[in-house]
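Let me begin by presenting the structure, written as structure tokens, before commenting on it.
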């Protein structure tokens with residue numbers, strides 16, 4: 001990891017902005033979602049849990065666009081790594097982008113909009129936890145697909161800065177999973193328990 005730092009200026013404003021958006025986004029959506037789950041303030045403000053969830057989802061999408069923009073700008077303003085600036089690495093980057101996009105899109109289609117954007121915190125639950133592709137391949141495929149996309153983008157740009165920021169993306173997602181996974185498991189356990197009692 002130390003050798004990567006030799007390729008970058010850690011005080012560059014674009015790098016700082018990228019790091020801040022990477023750290024902020026999951027923190028924001030988890031704090032807001034837990035607050036909603038405990039208070040239902042967003043659902044009351046919007047008059048519907050669905051409208052509240054769609055609105056939060058829209059904000060998350062915009063934040064993710066901002067994060068990707070900052071990530072790209074940070075890469076473009078820092079030096080390239082000669083060892084990654086070759087056709088083989090370029091092809092690897094394309095493969096990573098392809099796999100990442102497949103995981104992200106298939107996750108979205110399996111979960112739907114509300115399932116993707118924290119609908120369970122708004123009381124919008126699916127009949128059961130999704131276990132079809134890509135969830136039968138890897139847990140949290142949306143997060144790992146997104147990480148693969150950033151990694152592929154970094155490799156395509158032969159960017160050590162992009163590689164370091166991708167490590168940060170992965171670490172932040174790992175923390176988010178530790179925070180989110182127990183909650184999701186518990187609400188579906190409670191739902192299954194209620195369904196069992198009714199039957």
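Residue numbers in this text run from 1 along the chain shown.
Quick reminder: no glycine exception, Cβ is built from N, Cα and C everywhere.
Whatever TrEMBL says is automated annotation, not expert-curated.
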Where TrEMBL splits the chain into topological domains, do residue 8 and residue 123 land on the same side of the membrane?
yes
Out of 49-66, 67-84, which range is noted as transmembrane segment by TrEMBL?
49-66
Between the candidate ranges 13-33, 118-138, where does TrEMBL place the intramembrane segment annotation?
13-33
Highest Cβ count within 10 Å among the binding-site residues 98, 100: which residue is it?
100
Summarise the topological domain 'Lumenal' (115-157) by DSSP state, stating how many residues are helix, strand and coil.
22 helix, 0 strand, 21 coil
In terms of Cβ proximity under 8 Å, which residues at least six beyond the ends of the transmembrane segment (150-179) contact it?
1, 4-5, 7-8, 15, 18-19, 22-23, 26, 30, 71-72, 74-76, 78-85, 89-90, 92-100, 139-140, 143-144
Determine the Cβ neighbour count for residue 181 (S-adenosyl-L-methionine binding site): the number of other Cβ atoms within 10 Å of its Cβ.
12
Let me check the 10 A CB neighbour count of residue 180 (S-adenosyl-L-methionine binding site). How many other CB atoms are there?
21
Nonlocal neighbours by CB distance (under 8 Å) for residue 99 (S-adenosyl-L-methionine binding site), same chain, sequence gap 6 or more:
145, 148, 152
